[in-house]
């Protein structure tokens, strides 16, 4: 399943950047409902595994394109709300309720899709990312999307965008075939991509430890799923409030702060298991691992996503998210091959030492190389990634227009002041001035009369 999701993330990332986020997302949602219903017809374990493999491939496509589309639709200030929605707390609680009511796995899949099918129909209302359309130079369709967003039924505005408006502020760039190579095509991007690899592998190691040890808390996977959903419900709300209310509560602080807390908690777990005070599946260890995992999922992962959003331009953002998720699934495979066997070996503490080492490494690398990204405008073209961040083009254009208007006003006021001074000087010399604003020192027309 992890291998299928890995392939789906890679392919979905490339398809999303070349064919559009909304198109690939909706197609994946439709197909995953079909394959999920096909599971009920499986007559053998092999058939069930094959269908689940296809299902996970589609999930890899969906998780990449949906996340990219949503972060591009929201503004810098409120993007934290959209990203935290991907914690799926309500979904975890809903599937736990469905599983508890249905009991049988085939009936479970039927009712699961009865709930998700109407949601998939609602996804038809989603529009393509206007940022991606503009970056791909499809200005006419971008105008349609922007005009729909600005329509009175949504925002009570009469704003109307045309291709001329967008082309005036859009720097057209020659489009190429972007793929994984472009995530490392410059020193700037290569450094960020390496940091993302380390961060995501650390995230995966901590999450896998949770998967392999949480059974000690409760024997029922239904109750465990319910608890997981409940715990995910409150932490994101707290983070969103702090992020919106405290400007200094930036991405780097959250990134490093969450890792420090995780390191401390895993250090306590290592001490308990190494000294023989607790076994790896004891309730005390499980509670510490659960708290660590909630911080890992609700703070650390969320900041990885937001940093990825702001450090890669629109033309390769979906590829970057595919890259991100693919290493998350690679971490899941590594955890299954290494961490799980360690728990049942003569050195079970090793299953916690490896994630702890990754946490320490990520703290050091993040402290020295991770820049602060909160409040930064998103980049759209590769030239912005190559030569530094350019501010959002629309505010820049408006600022240039306002600055030009201000210069014009200053020049006009200066000229009026000179005219007034000249008129006053003329009056002192005995000349009669009917209007100082139109007075010209060398003019002897009808506005100036000799006494």
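Quick reminder: no glycine exception, Cβ is built from N, Cα and C everywhere.
Among the features that TrEMBL reports, domain 'Major facilitator superfamily (MFS) profile' is placed at 1-374.
Per TrEMBL, transmembrane segment is recorded for 30-59 (among others).
Residues annotated as transmembrane segment in TrEMBL: 80-101 (among others). Listed as Cβ neighbours of the transmembrane segment (80-101) (distance under 8 Å, sequence separation of 6 or more from its ends, same chain) are residues 67, 70-71, 73-74, 108, 111-112, 115, 222-223, 225-226, 228-230, 232-233, 236-237, 239-240, 243-244, 297-298, 302, 305-306, 309.
According to TrEMBL, the transmembrane segment annotation covers 107-127 (among others).
The annotation transmembrane segment is assigned in TrEMBL to 197-217 (among others).
Taken from TrEMBL, the feature transmembrane segment covers 229-246 (among others).
Per TrEMBL, the feature transmembrane segment maps to 253-273 (among others).
Annotation comment: TrEMBL describes 285-304 (among others) as transmembrane segment. Only residues 6 or more beyond the boundaries of the transmembrane segment (285-304), in the same chain, are considered here, and those with a CB under 8 A from a CB of the stretch are 80, 83-84, 86-87, 196, 199-200, 202-203, 206-207, 209-210, 213-214, 216-217, 227, 231-232, 235-236, 239, 251, 254-255, 257-259, 261-262, 265-266, 268-269, 272-273, 278-279, 324.
For the transmembrane segment (316-339), the residues of the chain that approach it from at least six positions outside its boundaries are 2-3, 5-6, 9-14, 16-17, 21, 60, 63-65, 67-68, 72, 178-180, 182-183, 193, 196-197, 200-201, 203-205, 207-209, 211-212, 304-305, 308-309, 351, 354-355, 382, 385, judged by C-beta separation under 8 angstroms. The annotation transmembrane segment is assigned in TrEMBL to 316-339 (among others).
According to TrEMBL, the transmembrane segment annotation covers 345-369 (among others).
According to TrEMBL, the region 'Disordered' annotation covers 407-431.
The compositional bias 'Basic and acidic residues' feature in TrEMBL is assigned to 407-424.
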Non-local residues, at least 6 beyond the ends, that sit with Cβ under 8 Å of the transmembrane segment (253-273): 199, 202, 206, 239, 243, 279-280, 284-285, 288-289, 291-292, 295-296, 299-300, 302-304, 307, 348-349, 352-353, 355-356, 359-360, 362-363, 366-367, 370
